[in-house]
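If you check TrEMBL, you get these features:
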REGION    44-98  region 'Disordered'
COMPBIAS  61-73  compositional bias 'Low complexity'
REGION    157-184  region 'Disordered'
COMPBIAS  163-172  compositional bias 'Acidic residues'
BINDING   Gln245, Lys261, Glu282, Ala365, Ala366, Met367, Leu368, Glu439, Asp454  ATP binding site
BINDING   Glu282, Asp454  Mn(2+) binding site
Amino acid sequence: MVKRNLGPSTRSIYLGLACLSLALHLLLAIFCLSVLQTTCVLPTSSSSSIPRTDTHHNESASHSTSSSTASSSNKLPARTHSEEQHSPTANTLHHKAQDSIGEVTEKANKLTGAGKAIQNVKGQSKLEALFEHPLYNLPGPELQTDDWLLRVKTDEDAKDVGSEEGESEEIITSDSEWQSASEEDGYDKVSWTRDVETHPPWLRFHLGISRWELYNRKDPNLARLTHYLATQRILGAVQKTGGTQLKLLISFPNHGQALLKPMKQSRDAETDVNLFYFSDFERHNAEIAAFHLDRLLGFNRIPPVVGRLINVTADIREKTTDHKVSRTFFTSPAGNVCFYGQCEYYCSTEHPVCGRPHMLEVSLAAMLPDLSLAPRRSWRSPWRRSYSRTKLAEWEKNPNYCDTVKQTPPYSQGTRLVDLIDMVILDFLMSNMDRHHYETFEKFGNETFLLHLDHGRAFGRHSQDEPSILAPLQQCCRIRRSTLLRLRLLLLPDFRLSDVMRESLAQDPLAAVAPLLSEPHLSALDRRLAAVLQVVQICQEKHKDVIYDDVERYDQDSSDTAV
Ligand SMILES: Nc1ncnc2c1ncn2[C@@H]1O[C@H](COP(=O)(O)OP(=O)(O)OP(=O)(O)O)[C@@H](O)[C@H]1O
Ligand SMILES: [Mn+2]
């Protein structure tokens, strides 16, 4: 009986559902065509597994930069229902993002002369569109000779040593010196001249460091450098001293070096909630992701980092001359080759670094110039944590802590405070609680960018945020205008942080093994970005002097301070 009745009624239900689905598809198609022009795009395939730069000069760049194929990016992306944020606060931020960016985009276009050339071509990747945006192409200060960290020594310099004011300048080389430094065993014979074309990528990276950034995002050498780190034959591996957890200094045949951090836990492992931040294991993928995030924020203050699969036996055990490393190798009960080295934490049989059975994922960071060439100064962060289970730091007890910091050099002058706040925003987004110190290049004194180093403890938890990381922003209520505008841009659907981050990370060689960051970590970035903007909004409601205007600087004509 039941069966007999079900036949016809089921058929009509199916028919109804089919009609409904057809109608919905039609509606969706119309909606897509009219509203989502910029968001309904086919994902573009990444042609290379090697991180690319977004330079116009980059031969491998696939997009067209000609103005005829492009449409104006002044038009801000349309917000859609599907893209809508959930909370009312996020919504307000969203509107605010569009309003203020619209004005400033126009201004930035004027400044960069990019009005016509910058485009948001249908089908273009979000990452490419982001890096083409005027806010990522603001003109920097003109660089003088003193604004470069290193320079190539000329024959002239070699002749009049000590007679010029440039005497104390960090000098790299003359042709003859390069030649004589090339005789060591196993290393390539050096044939570099003053001609930059003959310089290996690591040297070009060193020569490109300026007072205001560690690298120029548009420099084609960046892609060469990451490719170099990812593919060069490993010639040596010794333990890097300093720091608390195991890391190795890797040498390449043409005298380049990299800082290696091994994979110690699975990518999905969330840090145990009962573990203090200072007991957390370091993560190789956090080092890689931090480099990408810093670049996406427009900072360019982290040395390039790339992922690589190495063979622990062939690349480390057989190459190392360091007994601290070689004597700790063993074969695990599962038959994998493991080692643990010598360090303060987690260097024991209980915490081995293991291949499978030989292959191991690692991160490789480009090394900064040697300290003898470019000494660095280490600064204790005023918002350093106590690194104790029981003690609170002063900033955790005193809500007016920033008043004192603001009056204390070097934070009382120049850009130091807003630079620190940039760093804090980066740290909050990736939940890095381990920023006890930061470094600067001594040569540049106090007028320089802050080096962002050591991000092994970032991206530990995606299900939780750590508001205390934002304390400097909350307590000082100060932020660079260019930073704020880029953050607001990254909240918009067309440039959404999680999307550009996913795309950027896909360029790393290890993305072929598994995504460098899981989806929950990527969505955490969007959530945290909204939280940062909310803190800024609260600041702006209470204070006047929140924005440090580093954009207006280039725009003498305008008196508009809309943000
Ligand atoms: N890319 C780099 N090039 C040169 N030196 C670097 C680089 N990255 C880090 N260092 C130096 O090596 C030191 C130790 O590195 P790192 O901080 O990553 O290790 P760590 O074991 O996490 O240290 P800690 O336990 O003190 O946080 C840093 O303080 C920094 O001075
Ligand atoms: Mn560390």
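Including glycine, each Cβ sits where the backbone N, Cα and C put it.
TrEMBL feature annotations superimposed on the structure.
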| residue | record | contacts (Cβ under 8 Å, 6+ apart) |
| --- | --- | --- |
| Gln245 | ATP binding site | Lys261, Phe281, Glu282, Cys343, Glu344, Tyr345, Tyr346, Cys347, Gly456 |
| Ala366 | ATP binding site | Trp202, Phe205, Leu225, Leu229, Ala258, Pro303, Pro304, Val305 |
| Leu368 | ATP binding site | His206, Ile209, Pro303, Ala374, Arg376, Leu451 |
| Asp454 | ATP binding site | Gly243, Asp434 |
Ten-angstrom check, please: count other Cβ atoms within 10 Å of the Cβ of Glu282 (ATP binding site), all chains counted. 26
Under a threshold of 6 Å between Cβ and any atom of ligand 2, which of the binding-site residues Gln245, Ala366, Leu368, Asp454 are retained? Asp454
Find the longest CA to CA distance in the recorded ATP-binding set Gln245, Lys261, Glu282, Ala365, Ala366, Met367, Leu368, Glu439, Asp454; express it in Å as a whole number. 20
Look up Gln245 (ATP binding site) in the DSSP assignment and report helix, strand or coil. coil
